[in-house]
Structure formats: structure tokens, C-alpha cells
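A.B. asks: Mind having a look at this structure? Questions to follow.
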Amino acid sequence: MKPSISWGILLLAGLCCLVPSFLAEDAQETDASKQDQEHQACCKIAPNLADFSFNLYRELVHQSNTTNIFFSPVSIATAFAMLSLGTKGVTHTQILEGLGFNLTEIAEAEVHKGFHNLLQTFNRPDNELQLTTGNGLFIHNNLKLVDKFLEEVKNDYHSEAFSVNFTDSEEAKKVINGFVEKGTQGKIVDLVKDLDKDTVLALVNYIFFKGKWKKPFDADNTEEADFHVDKTTTVKVPMMSRLGMFDVHYVSTLSSWVLLMDYLGNATAIFILPDDGKMQHLEQTLNKEIIGKFLKDRHTRSANVHFPKLSISGTYNLKTALDPLGITQVFSNGADLSGITEDVPLKLGKAVHKAVLTIDERGTEAAGATFMEIIPMSVPPEVNFNSPFIAIIYDRQTAKSPLFVGKVVDPTR
């Protein structure tokens, strides 16, 4: 039997909030120049990542429109772009085109440079931010990799390489799970449940972040309330509430309320609450241009916002999810991964993606701190997120790259 790659793409978004990184105040001018170059490289791939995000979201909705959806398009795209370094022919073309890159418009070197700088930006230290990504390459100890591939995944994608004895599947699982558990600060344990006996190579990607709301909710105002999953199902949820100044407005073309909430730093969460029966219309209409306008045209108004505390997750078989986007050959016996190793023919045996989203009141460094603001005396609108809504987490520093995309159908599941 031909050996196969078992590829676990792993992701944790532990998010009370999210903040990307800043340069230190005493950063030298050369550092600022370097950051500007990184930003420009990120800008080149940001539109492609945005298109990929919405394409994949719609595909996941098509496969299941009655469950929570949550994934990191940046994480998935990074992992497959890294894998593409070892592919050739149709396999190679399918991956890059499936991720939304037209190589007649952007050079492949620019694609990898964009991901390289994206990862550098995410992993830059900041005292307001816990945002880290990591790539791990786990190689069977008697498998010889092509030097060029090994060098490129290390240099372009900051991937660590580990020698593993895959014939001892329990030990291999322990090594891989330990790498992930450490990288996600213990938030994801036992990611790998089983390994195919023919596995000779595993690629693992994770992303972890946790941040703080710029304007937190007061936990004393959180009360149990109804959340309407659908016309026949209602669940009880802890509902956060705050009367204050919000970037919230009704968009008639989407038949939806749109709420933008900032995290400390350069990240923004966009929550979109459609009118009853308008979720499908919203999902078909939403695109990167509309989101771009929301992020550009910011204004606040007084509002009374109710938002559920939640912790949801999504686990996906990417073979099924990416098939309609044209990424198929890498999973088949016709896969050409000869850029990884010439020892044995390989195919991608398994690609699993997991993401977790947590939202609560926390938003200040000091426990029990109080946030106060002055609001106009006019009657504010009530915006109650007590039915399914869409959530998108954007990193403004990396040219509005969508870090996470999801739909909350049931906050209790």
C-alpha cells in the first residue's frame, strides 16, 4: 500500500477578544521600514484570502446550514500554501488556484512572501496580545525529504521539523499532540486521535489568540435569556448587555444589523444579525467589498446591545470542504508531491481543521474594573443578538486579513 501524508491542520481561536501586534515605542526607523515592507507583502495576498474566506464559508454552509460554523481561513490557506511548495503539475496549480491565487496576476514568490510576512506580523510580541501561529513538520525517521522543500518550509513558513517514528503510532501521536498543546498554551490537547498505519509525514498548523475588548461588558449585567435557534427551538444563554456608544447600524441591503467591536490593538470583530428569515440572503450577498466599507466608514451611536456569551467550535474534513473549490488531486492517487520526497509516491491522506471561539465579558487587564462612558439622552435602539448571526474577526494591521469566520446558530453547542 502506498504511504500517505496524514495532515492535521489544527487551530485554536480562544477568543475573549483579539489584538494583533504593535512595534515597541522605541522601535528604530529600520524596524518601521521593515514593518512597512511586511505590510505591503500582506496587502498583496489579502484580497485573495478574503475571497477564499467567503468561498469556503459558503461551501461549509451548503454542506450544513443548521449547525455552528467556525474556521480560520488564514490558517487553512497558510497550511495549504506551505504544502504547495512540495507539489508539482496539476496538484500544484489546483492548490494555489483553489486558495484564490491567479498566477498570471501575482507571482508565486509573492504569494509565499505574503504568507511569510503575515506569520511574522502575527508572531511579533506585544503586551496587549496573545496571538501566535506555528507550523510543524513531522517526518518519519527513515524518509528523506528534498532539501529545497525542507529549506523553504522552514524559511518561508517558520516551520519546525521533527523526526518521528510513525511505526510507533502512539509515540508519534504523543509528539504531535505535545507540539500543539504547547503552542496553544494547553487549550488544545489530543488533537490527533488516530494515525493511519501508512503515515510517513504530518504537517500541523495551529493558531492561538486571546485578547481584550476595548469596551468590555459588565458581568453584573449578564442575565439568562432566550436565544432563538430556529422557529421551533429556543435555548437559554447568559446574555451580556451594555448601554453605550457602539459602531452599530442597520444595513437595508443586507436586511441586517451590523455591529463592529474593537479589541485592544488593531483587531475588529464584525457581527452581522439578519432579520428573521434573511440569513440566506445575507450569506449570498456578503462579500469583501461590503466588509471593507464597514471597516473604513466607522461611526458610533448610542445603543443598548445584548450579546450572548458563547463557546463554539468547528471541526472540518478539508477534503470534503475544499473539493468544490477545485483542490482535489492532492488527495488522490494521482497526486504529485515529488517536491517533498522522491523516495515514495505520496498523497494527502487526511486534512483536519479545528477552531474554537469563546466570547465573554472580559475586556480589561484588572479584574473587576469598570468601564463608563457618556451617551446622548436620545432613545437608543435595542440590538439583540438572540438569533443566528455571522461573526468575522479581522486583523487590520495585516491589510484586513480575515483571521476567523463563523456563524453562530446555537451558542450552547
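In case you wondered, yes, glycine gets a Cβ from its N, Cα and C as well.
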A.B. asks: Match it up for me: which of 48-67, 128-147, 148-167, 368-387 does Swiss-Prot list as region 'RCL'?
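C.D. replies: That would be 368-387, the stretch labelled region 'RCL' in Swiss-Prot.
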A.B. asks: Ranked by the number of other Cβ atoms within 10 Å of their own Cβ, which of the glycosylation sites Asn65, Asn102, Asn165, Asn266 ranks first?
C.D. replies: Asn266
A.B. asks: What is the interatomic distance between the Cα atoms of Asn266 (N-linked glycosylation site) and Asn165 (N-linked glycosylation site), given in whole Å?
C.D. replies: 42
A.B. asks: How big is the gap, in Å, between the Cα of Asn102 (N-linked glycosylation site) and that of Asn65 (N-linked glycosylation site), rounded to a whole number?
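C.D. replies: Per the Cα atoms, Asn102 (N-linked glycosylation site) and Asn65 (N-linked glycosylation site) stand 30 Å apart.
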A.B. asks: Rounded to the nearest Å, what's the C-alpha distance separating Asn165 (N-linked glycosylation site) and Asn65 (N-linked glycosylation site)? Just drop the number here, would you?
C.D. replies: 41
